[in-house]
Amino acid sequence: MSTPAIIDIFRSSGALLEGHFKLTSGLHSNTYFQCAKVLQHPEYLTEICRNIASAFSDVTIDMVISPAVGGIVVGTETGRQLGVKTIFSERKNGEMVLRRGFTLSPEEKVLIVEDVITTGGSVAEVIDIVTKAGAIVAGVGSVVDRSNGKVTLAEKQFSLLCLEVKNYDPDTCPLCAENLPLDAPGSRSLTTS
């Protein structure tokens, strides 16, 4: 899929938003990719995940893991296309953990799949879970990389849409200086106790 084609899919799905947003990372931006609005369409979900799975066809993968909430749908479909189990991590008291009986085995080769990467914070937390279990990070795949490839999380990494989007520290955000209303559509605040 070409970059213009992917951007067209986001636009036609109402998933490429402009305004003043607080991202899951805590940074602010004038652009937000609401992947859920794209991934709700089976034809887009299938094609996007086919591209992610294809990017890792030369790597042995035993399992796919995704951070909740945004990565679950794309991770599950990517795992289905690869023919491997899929699990997800989630926050408990602010910490990314495995729950629901999910486990990783030593030496298991794991592909981490996320919807959007900005700073890579959530994926880094999942990498920590994987390595502490003695499993091996086989790669990181995502739908969108807002850093234009500047955030390196694994030796093998693939993003379907890789572009640089302006992000601002909240203390120096020009959108805040203009008193524009702040929208926080991300899922970081969704935690389980």
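Glycine is no exception: its Cβ is also placed from the backbone N, Cα and C atoms.
Predicted, not measured: the structure shown is a model, and the values here were computed from it.
Per Swiss-Prot, 5-phospho-alpha-D-ribose 1-diphosphate binding site is recorded for Glu114, Asp115, Val116, Ile117, Thr118, Thr119, Gly120, Gly121, Ser122. Per Swiss-Prot, orotate binding site is recorded for Thr118, Arg146, and the stated evidence type is sequence analysis.
Look at Thr118 (5-phospho-alpha-D-ribose 1-diphosphate binding site): DSSP puts it in coil. For the 5-phospho-alpha-D-ribose 1-diphosphate site, the Cβ centre of Glu114, Asp115, Val116, Ile117, Thr118, Thr119, Gly120, Gly121, Ser122 serves as reference, and the other residues of the chain with Cβ at most 8 Å from it are Thr24, Ser25, Val123, Ser142, Arg146, Val151. Rounded to a whole value, the Cα-Cα separation of Glu114 (5-phospho-alpha-D-ribose 1-diphosphate binding site) and Arg146 (orotate binding site) is 12 Å. Recorded residues Ser122 (5-phospho-alpha-D-ribose 1-diphosphate binding site) and Arg146 (orotate binding site) have their alpha carbons 14 Å apart, per Cα-Cα distance.
Applying an 8 A CB threshold to same-chain residues 6+ apart, the list for Thr118 (5-phospho-alpha-D-ribose 1-diphosphate binding site) reads Leu23, Thr24, Ser25, Leu27, Arg146, Ser147, Val151, Asn167. Its Cβ taken as reference, Glu114 (5-phospho-alpha-D-ribose 1-diphosphate binding site) is surrounded by 26 other Cβ atoms within 10 Å in the chains shown. Gly120 (5-phospho-alpha-D-ribose 1-diphosphate binding site) is surrounded by 21 other CB atoms, counting those within 10 A of its CB over all protein chains shown. If you take the C-beta of Val116 (5-phospho-alpha-D-ribose 1-diphosphate binding site) and look for same-chain residues 6 or more apart in sequence within under 8 angstroms, you find Thr24, Phe33, Cys35, Gly70, Ser142, Val143, Val144, Asp145, Arg146.
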